[in-house]
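Marked as signal peptide by Swiss-Prot: 1-26. Taken from Swiss-Prot, the feature domain 'EGF-like 1' applies to 27-58. Summarising the annotation, Swiss-Prot assigns disulfide bond to Cys33-Cys46, Cys66-Cys71, Cys79-Cys88, Cys101-Cys117, Cys119-Cys128, Cys135-Cys148, Cys142-Cys160, Cys162-Cys171, Cys178-Cys189, Cys183-Cys198, Cys221-Cys236, Cys238-Cys247 (among others). Among the features that Swiss-Prot reports, domain 'EGF-like 2' is placed at 62-89. Residues annotated as domain 'EGF-like 3' in Swiss-Prot: 91-129. Annotated domain 'EGF-like 4' per Swiss-Prot: 131-172, in sequence order. Residues annotated as N-linked glycosylation site in Swiss-Prot: Asn157. The domain 'EGF-like 5' annotation in Swiss-Prot covers 174-210 and is backed by sequence analysis. The annotation domain 'EGF-like 6' is assigned in Swiss-Prot to 212-248. Summarising the annotation, Swiss-Prot assigns transmembrane segment to 306-326 and lists sequence analysis as the type of evidence. Positions annotated as topological domain 'Cytoplasmic' by Swiss-Prot, on the basis of sequence analysis: 327-382.
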Amino acid sequence: MPSGCRCLNLVCLLCILGATSQPARADDCSSHCDLAHGCCAPDGSCRCDPGWEGLHCERCVRMPGCQHGTCHQPWQCICHSGWAGKFCDKDEHICTSQSPCQNGGQCVYDGGGEYHCVCLPGFRGRGCERKAGPCEQAGFPCQNGGQCQDNQGFALNFTCRCLAGFMGAHCEVNVDDCLMRPCANGATCIDGINRFSCLCPEGFAGRFCTINLDDCASRPCQRGARCRDRVHDFDCLCPSGYGGKTCELVLPAPDPATIGTPQAPASAVVVPATGSAPHSAGAGLLRISVKEVVRRQEAGLGESSLVALVVFGSLTAALVLATVLLTLRAWRRGICPTGPCCDPAPHYAPARQDQECQVSMLPAGFPLSPDLPPEPGKTTAL
């Protein structure tokens, strides 16, 4: 029993690792535990050292992954007969027990669990599983990383499985990613491999050039003017008395004498420079004076008065023409302004009745000629 251990009813109450052994007694708890590879636990079981296992800590732990082997010391993998390899996973009789070569291939054992297959003409692969089909016969024609597929060589024809961004029978065509015109606002689309990029014009940004840059962000307007953003430009709404692109100019106050009076454009008057200045290199310069020529409105009809006159004359002419037309229409229908004989009241009778109207051009009360007596049954009206 190791020193430092206290045994009670075959239970080791305390065991210090590395303690030396003493002669065992019959009642020691070490009678059922390999004390060279472990010690007794408080529950009466053996507590094994690292690399050992078992009920009595009598068995070493093999290397992880060891399949057909054993060990004499921890972490070993000693292969059983017929097996080889680091993990004892190679069958030394694989050529006879498993026949790994297909399609008539011959298996050759290389030792250490390794083998190779001698394939018949037209087949290839580690196990001669692949036939020299259309892909191999065509020299693997798929381009741009495309994968040639022919069902392990047993298909009649090959097909190319293209990577993203390519198309065609041999994956030889680069798909135009700019075909759908993804770039906005007149941007230039640059095609890539399964991607595109937009070259934005000035004033725009973003992947698709859809973001209008704020030209007012730098606050270019002065005098407290309000800035209005445009496409790659801006406008300043200047307060009264200021002008210019950024309201940097102070406008002169208007002359009260010229307010409301149409003015002609200002004219530049060139006046030769005069004075007693000594002659120098700049003596030949001209003095330019800008004077504003104001022309007052001459007497006569203005534009608005002329328009009103034309409209009034047109309405008057239309009214006169309508009166003449109505008068002519009434005259053609035989309507007399005076006299009942020209417009008799409607009379309904079972028989026909003729009536003749005689109009005299003589003054009222003038007797008719005796030679023209009225006809019987006729009515004479003066």
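Every residue number used here counts from 1 along the chain in the order it is shown.
Glycine too: its Cβ is placed from the backbone N, Cα and C atoms.
Counting only the Cα atoms, the space from Cys142 (disulfide bond) to Cys135 (disulfide bond) is about 9 angstrom. In this structure the C-alpha atoms belonging to Cys183 (disulfide bond) and Cys189 (disulfide bond) are separated by 6 Å. Proximity of distant same-chain residues to the domain 'EGF-like 3' (91-129), defined by a Cβ-Cβ separation under 8 Å and at least 6 residues beyond the stretch ends, is recorded for 82-85, 136, 152-153. Residue counts for the domain 'EGF-like 6' (212-248) under DSSP, split into helix (H, G, I), strand (E, B) and coil, are 0 helix, 13 strand, 24 coil.
Residues of the same chain that lie 6 or more positions beyond the ends of the transmembrane segment (306-326) place no CB under 8 Å from a CB of it. Here the domain 'EGF-like 1' (27-58) returns a mean pLDDT of 80 for the predicted model.
Look at Cys101 (disulfide bond): DSSP puts it in coil. Only residues 6 or more beyond the boundaries of the domain 'EGF-like 6' (212-248), in the same chain, are considered here, and those with a CB under 8 A from a CB of the stretch are 185, 201-205. If you take the Cα of Cys71 (disulfide bond) and the Cα of Cys160 (disulfide bond), they are about 52 angstrom apart, rounded to a whole number. Of all Cβ atoms in the shown protein chains, 22 besides its own fall within 10 Å of the Cβ of Cys247 (disulfide bond). Tertiary proximity for the domain 'EGF-like 4' (131-172) is limited to same-chain residues at least six positions away from its ends with a CB under 8 Å from its CB atoms, namely 103, 122-124, 193-195. When the disulfide-bonded residues Cys46, Cys79, Cys162, Cys247 are compared by Cα distance to Cys148 (disulfide bond), the shortest distance belongs to Cys162.
In sequence order, the recorded positions near Cys117 (disulfide bond) (Cα within 10 Å of its Cα) are Cys128, drawn from Cys128, Asn157, Cys171. Note on Cys88 (disulfide bond): other Cβ atoms within 10 Å of its Cβ, all shown chains, come to 22. The Cβ neighbour count for Cys171 (disulfide bond), using a 10 Å radius and every protein chain shown, is 21.
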